[in-house]
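Below: one structure, written as structure tokens.
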Amino acid sequence: MLNPSRFRILAIGKVRKSWIQNGLEVYRKRLPGLSITEIRDGDIKKESRAIISSIKKDELLIALCEEGEKFTSMDFSHWLQNLGSSRIVFAIGGTNGLSQEVKTSADLCISLSALTFPHEMARLILAEQLYRAISIAKGSPYHRE
């Protein structure tokens, strides 16, 4: 079964929009144990070092980038379930995205959509998709096809 404590989100920069902060708070409550860490934005090389240095040996790094693999919500849930008990860190870039170094270091690059979203919104969308993935795994009526 999927457990929110297996997931960490590393995100560059702060969320400045209150409505996004409010949305994230909703999903933090729905996903107890989900960790969201903000990394100070600035030089993309420093951001990259901060992301890569925070990954533990037993964690998988998943980079969110527009050219990444695309999933349906069902496929995303099944993919997460198939990872077993692995701890997963999702890296979300700031205004300049993620460096090639982070993308190359990642175990996988995924895309939330063919559309481009502000990095603050990407956090909220990812949190919702993690909640949806867990709901699918539990057979909850939250996800409807």
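Using N, Cα and C of the backbone, Cβ positions are placed for all residues, glycine too.
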Identity of the S-adenosyl-L-methionine-site residue among G93, G94 (reference: L64, L112, S113, A114, L115, T116, F117, source: Swiss-Prot): G93
A114 (S-adenosyl-L-methionine binding site) CB neighbourhood, other CB atoms within 10 A: 7
Candidate with the highest Cβ count within 10 Å, taken from the binding-site residues L64, L112, L115: L64
Under 8 Å by Cβ from S113 (S-adenosyl-L-methionine binding site), counting only residues of that chain that are 6 or more apart: K70, I125
Distant-in-sequence Cβ neighbours of G93 (S-adenosyl-L-methionine binding site), under 8 Å, six or more positions away: I12, E47, L64, C65, S99, V102, H119
